[in-house]
Amino acid sequence: MILILNGPNLNMLGTREPQTYGSATLVDLEAQCEAWGAELGLAVSCRQSNFEGQLLEWIQEAEEHGFSGIVINPGALTHYSYALRDAIAGQRLPVVEVHISNVDARESFRHVSVTAGVCRGKISGLGFLGYRLAMEYLQDILGN
Ligand code: DQA
């Protein structure tokens, strides 16, 4: 089972800066991830929070709750949250970082990810498809 986490402001997909993030909503994204999971034979659980501490707790508890990998779009926490970095580093599940937009083509503060270095890898700029590619990677390394 794969945990798919979306961080701050991703509940606003659809209305939030549509020129950057598109017009599809978080509900659309989560439905898409569930459909991809069904196609790939991967059970998925999608969660979103605007609260850093909630994300940390979900990551800390993921293994004991039966997850085998995590896909995370940490939103702006990517760029400054050492607490999120430490939560990822402090557990054993493989984690893939995803960004809908191409963060490297945007403001310079978005070029820094303090979390990517403790993830298996980072996918950026491929829209919602990045989540699917992250799921395929996890499926591959988990040997499903
Ligand atoms: C984002 C990129 C971040 O810089 C931004 O703060 C977000 C969304 C993305 O998916 O492109 O909230 O993670």
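Glycine is no exception: its Cβ is also placed from the backbone N, Cα and C atoms.
What you see is a predicted model, and the numbers here were worked out from it, not measured in a lab.
In the three-state DSSP scheme, Arg16 (site 'Transition state stabilizer') falls into the coil class. Under the heading site 'Transition state stabilizer', TrEMBL lists Arg16.
If you look up TrEMBL, you'll see Tyr21 marked as active site, proton acceptor. Within 10 Å of the C-beta of Tyr21 (active site, proton acceptor) there are 20 other C-beta atoms, taking all protein chains into account.
Look at TrEMBL and you will find Asn73, His79, Asp86, Ile100, Ser101, Arg110 tagged as substrate binding site. DSSP gives Asp86 (substrate binding site) a helix state.
Secondary structure at His99 (active site, proton donor), taken from DSSP and collapsed to helix, strand or coil, is strand. Applying an 8 A CB threshold to same-chain residues 6+ apart, the list for His99 (active site, proton donor) reads Asn73, Thr78, Lys122, Ile123, Ser124, Gly125, Gly130. Residues or ranges marked as active site, proton donor by TrEMBL: His99.
Here substrate is bound by Asn73, His79, Asp86, Ile100, Ser101, Arg110 per the record. The longest Cα to Cα distance in that group is 24 Å. According to DSSP, Asn73 (substrate binding site) is assigned to a strand segment.
Of all the Cβ atoms in the protein chains shown, 17 others lie within 10 Å of the Cβ of Arg110 (substrate binding site).
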